[in-house]
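Notes follow the structure.
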Amino acid sequence: MSTHASRAAARLMISPSVILLFLWMAVPLGMTLWFSFQRYNLLMPGQTGFVGFQNYEYFLTDPAFFTALWNTLFLVGGVLLITIIGGMLLALLLDQAIFGQGIVRVLVIAPFFVMPTVSALVWKNFFFNPVSGIFAYIANFFGFPAYDFLAQAPLLSITLIVAWQWLPFATLILLTALQSLDSEQLEAAEMDGASIFSRFIYIMVPHLSRAATVVILIQTIFLLSTFAEILVTTNGGPGNASTTLTYLVYVQSLLQFDVGGGAAGGIVAVILANIVAIFLMRMIGKNLET
Amino acid sequence: MGQIELKGVTKSFGDVQVIPPLDLHIGEGEFVVFVGPSGCGKSTLLRLIAGLEDVSGGHIEIDGKDATDLPPAKRSLAMVFQSYALYPHMSVRKNIAFPLKMAKADQATIDAKIENAARILNLSDYLHRRPGQLSGGQRQRVAIGRAIVREPAAFLFDEPLSNLDAALRVNMRLEISELHQKLKTTMVYVTHDQVEAMTMADKIVVLHAGVIEQVGSPLELYRSPRNKFVAGFIGSPKMNFVEGAEAAKHNAHTIGIRPEHINVSATEGAWKGTVGVSEHLGSDTFLHVDTEFGLINVRGGGEIDLHAGDDVWLSPDLSQLHKFDAAGLAI
């Protein structure tokens, strides 16, 4: 299977898909790079041309930029924190033999099947709404004033919504990891005098760390591009309290019609995502060894 | 220290009683082997002693104190598992230190005990490695090391050699026996391999379907098995059983004769047969002989020159004959 001819044939055969994949990635990236150096505003069709790094300058000096950067980090970090910790606890619970285990597991996975716009609207109208939401009702029942989540803690509210969506994913991965833990290891630890808490810290958590890194990697990729939840709940507001980088790029290019500025923002987001990716790959590379 | 007493211990899983009421005394410093076919309840019995399973009835006493409701860690027993159950993310040193760390021992004590255990088990060069980088025998030694440092009243071994290859198994068997002589601690050892039981034990407990068939020293069991099951289980190759008229001649329902207690001759003897398969090991020859009573296994000297198809005469050594009644009990 590895004569010169067969290897050449193999290369020839896979080349169309490789070329297609490469173009699929390279053309949009190249066009974005190209636009990011152009003056290209849909409101001023006549004024086009090369402007150097001006688009970047505007984007990076926009007061909203650093807010958006921190908001993005808060959103990603918050969701990861909630899903990893919550996922571990839920996985521990679901690992117990209980009546109706199958149904409970399906119910836990359910949020993952709800599309982001829908789940965000459900949360906005059924739960967070200060007049008709269930949280407002509970608060009123105990005599407290209703709390307007999306107005007073917009970023935290969105973090909660997104975490709710991703919790099942984390739970599922961590649950399968937990089930692959050798029960003799836990028994050995029990014989060695480890309390339930010590067994969790010294045996289960290290065992789960590999699955957790996979969860972190996959979730980070998707969380950096969170958009629908913001659009349907707060529109990035109030002010820019819940504007993330992704949303800022959207505002720049589609609300202010500044394609050049939006492209520059996109490139900045790509660079930041790559920085995050480098850190993640280092961490994961360490964790996936042995 | 290290006496274990089981009094009327039972175990049921749901409606199924796997261990009917059972009494057993394990003396201080003894090497006791539980042996029996798979599913006979020997591992369950060990787990009951360890406290990893709750007894359904009866009492377990360790060193004269009732330990029935004590959690595993409080019974001062250490266990070596079949899969070794080493902690894969910890180095050998940390694995061995784990029980001491859990007992909140100070660092100097921990270091001293690890050095000592590593010296006894020849692990000093591997302390920084992870279990994944060790061979099967080394992992086994780490698991034993983890048990040793706790200085338990008794060691429990759950088929510890079954994951090793044949040559290593013989080695580790020897090492565990030597360890027992060095430490003089009570050891309870579970295996399905009667050779391990015969070679290592001070006292063998033969189990069958949760019931103790016989307790005794290896030679006691070999010489005077209490019933047909023990007679057939102890000894290799297995004892031959003959029923019917031939047994009636000796006033028994069944007679049993070990392969090594049959004389082979090409010309004369009590039973006539044809050699089916002959296995020449050099030191011994195992013959599978077809006779009118069925297949009889014979163990002869290495110089026997018989091959498949040859006619052969067998004469059992009547002084070594085992007789059983219809219920399978020895007469």
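In case you wondered, yes, glycine gets a Cβ from its N, Cα and C as well.
What TrEMBL records for A:69-280 is domain 'ABC transmembrane type-1'.
As annotated by TrEMBL, transmembrane segment applies to A:12-35 (among others). Counting same-chain residues at least six beyond the ends of the transmembrane segment (A:12-35), those with a Cβ under 8 angstroms from any Cβ of the stretch are 259-260, 262-263, 266-267, 270.
The feature transmembrane segment is assigned by TrEMBL to A:68-94 (among others).
Packing against the transmembrane segment (A:106-123) from elsewhere in the chain are residues 90, 94, 157-158, 160-161, 164-169, 171-172, 226, 228-229, 231-233: each is 6 or more residues past its ends and has a CB under 8 Å from a CB in it. What TrEMBL records for A:106-123 (among others) is transmembrane segment.
Look at TrEMBL and you will find A:155-178 (among others) tagged as transmembrane segment. Residues 71, 74-75, 78-79, 82-84, 86-88, 90-92, 94-95, 108-112, 114, 116, 119-120, 123, 128, 149, 204, 207-208, 210-212, 214-215, 218-219, 222-223, 226, 229-230, 233-234, 241-242 of the same chain, all 6+ positions outside the transmembrane segment (A:155-178), place their C-beta atoms under 8 angstroms from a C-beta of that stretch.
For the transmembrane segment (A:199-224), the residues of the chain that approach it from at least six positions outside its boundaries are 72, 75-76, 79-80, 83-84, 87-88, 91-92, 162, 166, 169-170, 173-174, 176-178, 181, 185-186, 189-190, 245-246, 269, 273, 276, 280, 283-284, 287-288, judged by C-beta separation under 8 angstroms. The annotation transmembrane segment is assigned in TrEMBL to A:199-224 (among others).
TrEMBL lists A:259-281 (among others) with the feature transmembrane segment. Under 8 Å from some Cβ of the transmembrane segment (A:259-281) lie the Cβ atoms of residues 29, 32-42, 51, 55-56, 58-60, 69, 216-217, 220, 224, 245-246, 248-250, 252-253, all in the same chain and six or more residues away from its ends.
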